[in-house]
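What follows is one structure encoded as structure tokens, with my remarks underneath.
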Amino acid sequence: MKTKTSIFQFIVASVLTLLINDSSAATPPPPISNSSTSCNKTCGGISIPFPFGIGGKDCYLNGWYEVICNTTTSDSNTTVPLLSMINREVVNISLPDSNEPYGLVQIKGPVTSLGCSSNTSEGPQNSLPVLNVTGKGSPYFLTDENRLVAVGCGIKALMTDTESEILGCESSCEHRKSGEEVTNLICTGYRCCQARLPVGRPQAITVNIENSSGGEETCKVAFLTDKRYSPSNVTEPEQFHNNGYVVLELGWYFATSNSRFKSLLGCTNMSRKGSGFSDDNCSCEYDYFSGMSYRNCYCDYGYTGNPYLRGGCVDTDSCEGNHNCGEDAHCVNMPGPMSMCRPNPKITKPTKPPVLQGILIGLSGLVFFVGLFWLFKLIKKRRNINRSKKFFKRNGGLLLKQQLTTKDGNVEMSKIFSSKELRKATDNFSIDRVLGQGGQGTVYKGMLVDGSIVAVKRSKVVDEDKMEEFINEIVLLSQINHRNIVKLLGCCLETEVPILVYEYIPNGDLFKRLHDESDDYTMTWEVRLRIAIEIAGALTYMHSAASFPIFHRDIKTTNILLDEKYRAKVSDFGTSRSVTLDQTHLTTLVAGTFGYMDPEYFLSSQYTHKSDVYSFGVVLVELITGEKPLSRVRSEEGRGLATHFLEAMKENRVIDIIDIRIKDESKLEQVMAVAKLARKCLNRKGKNRPNMKEVSNELERIRSSPEDLDVRTENEDEEEDQPMAINNKR
């Protein structure tokens, strides 16, 4: 009897030992060289996790992640970490995790000042390059947590990048007019002001300061920062100036093309499709963010550490803290988040034969681990569902459903797509499906389950404070039904940023057809005149025929698409705004494209329907001359295409600047008539410009009655026609 008992105990112990050893047999390989003692892990009290590193080339992934530990000039015992490639002092580094699609680096940025005490010796520092993170392989970008902040009295702060995009704000210390509210919660223009970064996320930033009209000669500062200021907590400008820096935030990620990054990790989920678990206890996801594909890795549930180090994810002890094993058993830690209770050794009388006991225990262990695997899959699926619900609610999905159901009989006018449906339509947002990228987002070509071809626009960022306004714009744009306006078919709100679905336009944009010398399609004068008439008709509809007037705010040839018959389609309503029937203008932060921007709007920040007329006038000049709105030669002279054209009109030499491709075959009377109309659209004062309906009617008359046209080019209202120059040289 004792012999049988001993055999049974031996079998039980052997089976349990094999099960535990099997699950942990694959011991992680030794860490990569970043864990070497020659690589410093901290500098100046700041932790430097891999892929960042200090020391030899094996201590960091590549040059973009190299950190140099320098001693300060004031104290040789104090060290500070610097990012080598962009030469900025590091304040903090954090790794990506399952809740964030990218890592974060906080750095010290400069303060641009004007009229401060120390400026007298070195001259005013009213224009400083704040940051440049461009370059081949750069993983950095400015996050949308950053703001342009200006502090002082009578200050106008502007931010520019290499693509001449601009935003700015103005601060004053004058008392507000009666009825205007002053808030102490945010900087809205009293003592300080702030502006969000443009959705294009510029990578090379310069901050400029100017004295606004009537501004005092006092200290003024401007800077880019991820901190929030208000009139109640902002300090005096001199304190910012004397401090010499502010903190701003960079995001970073791993590009999918980084082959060295792939080879370093033991995580199995490194393909664009599929998922799984790895021997190194880490998982990686493929995703697409802000126009770039990236990998995001994290330790599996039950493990902790750095997933970017080989063997960096280590098992957490699940037996630590409370467990329910009781007095007759003890807790045994299992790999991952699990633990088991093992009975304390004692002599028991077996109720079943020893061999059968071993088989049952082995089968139980097998069922346990199979169940554990499916439990992990279920948890992951549930987490994705909860994230989709969270994004749907945050992005205004409930509000959109309410808006659609309140439209009498028009519920079908705009469809709400699921993220799964759009991932399937675009092959999981494959790079091969990209049609183009712009300031508002990336556009993919997709095919829905019914076989229809659509354009799927994945936005880069949406202001959460204006989500209700964004939803109202979706409902409004979905009601637009015009043959020369790209139709909005629906949207998806289950992702981090909303996705819009438009009808697919196959022949690209007007800019490429006009300026790409390799394009084999000939843009004759008849085609150009027809396109101008179609654009004018679409804008007339938006201004007056729609249920609510809509100002486009970004009319340019890259936003004019051409369908299979080369008919014009107005697109890109990312900056459009609707107004009530009795509104005459919108007061907004200055945003637009240089070369097309209304000078009156640039100075007053008040956008009217006549501002769209000015931009359309620039498009007319492009169609006539075949020249780009901005060129290197004219930029050096401080002139855009509009100024160049009006000078030619004034000197009666318009014929000299007509596009050589249409000069011989075009009807000169029609070209000159359109040129005269363009001059009216480019009038310096908005009130002297025609409205879009008048422009549309005039273009129709020019096409239908060429024999009745007056082709004289005498100067009329020369002083009124001359536009105010917008100097884009900083």
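Numbers here mean position along the shown chain, with the first residue as 1.
The backbone N, Cα and C atoms fix where each Cβ goes, glycine too.
The N-linked glycosylation site annotation in Swiss-Prot covers Asn34, Asn40, Asn70, Asn77, Asn92, Asn119, Asn132, Asn211, Asn233, Asn269, Asn281. Positions annotated as transmembrane segment by Swiss-Prot, on the basis of sequence analysis: 359-379. Annotation comment: Swiss-Prot describes 380-730 as topological domain 'Cytoplasmic', evidence class sequence analysis. Summarising the annotation, Swiss-Prot assigns ATP binding site to Leu435, Gly436, Gln437, Gly438, Gly439, Gln440, Gly441, Thr442, Val443, Lys457. Per Swiss-Prot, the feature phosphothreonine maps to Thr588, Thr593. As annotated by Swiss-Prot, compositional bias 'Basic and acidic residues' applies to 691-714.
Where Swiss-Prot records a feature, it is marked here on the structure.
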residue : record                      : DSSP (3 states)
Asn70   : N-linked glycosylation site : strand
Asn92   : N-linked glycosylation site : strand
Asn132  : N-linked glycosylation site : strand
Asn211  : N-linked glycosylation site : strand
Asn233  : N-linked glycosylation site : coil
Asn281  : N-linked glycosylation site : coil
Gln437  : ATP binding site            : strand
Val443  : ATP binding site            : strand
Thr593  : phosphothreonine            : coil
Shortest C-alpha distance to Gly441 (ATP binding site) - which of the recorded positions Asn40, Asn70, Asn211, Thr593: Thr593
Position of peak Cβ density within 10 Å, selected from the recorded positions Asn40, Asn132, Thr593: Thr593
Cβ-based isolation winner (fewest other Cβ atoms within 10 Å) among the binding-site residues Leu435, Val443: Leu435
Pairwise Cα distance for Leu435 (ATP binding site)/Asn211 (N-linked glycosylation site) [Å, integer]: 43
Confidence summary (mean pLDDT) of the topological domain 'Cytoplasmic' (380-730): 79
Other C-beta atoms that fall within 10 angstroms of the C-beta of Asn77 (N-linked glycosylation site): 6
Cβ packing number for Gly441 (ATP binding site), 10 Å threshold: 25
Lowest local Cβ density among Asn70, Asn211, Asn233, Asn281, which the record lists as glycosylation sites, within 10 Å: Asn233
Rounded Cα-Cα span from Gln437 (ATP binding site) to Thr593 (phosphothreonine), Å: 15
Pairwise CA distance, Val443 (ATP binding site) versus Asn77 (N-linked glycosylation site), rounded so that it is a whole Å: 53
Spatial neighbours, same chain, of Asn92 (N-linked glycosylation site) - Cβ under 8 Å, 6+ residues apart: Ile46, Leu104, Val105, Gln106
Spatially closest candidate among Asn132, Asn233, Asn281, the listed glycosylation sites, to Asn70 (N-linked glycosylation site) (Cα to Cα): Asn132
Cα-nearest neighbour of Asn281 (N-linked glycosylation site) within the listed glycosylation sites, Asn40, Asn77, Asn132: Asn40
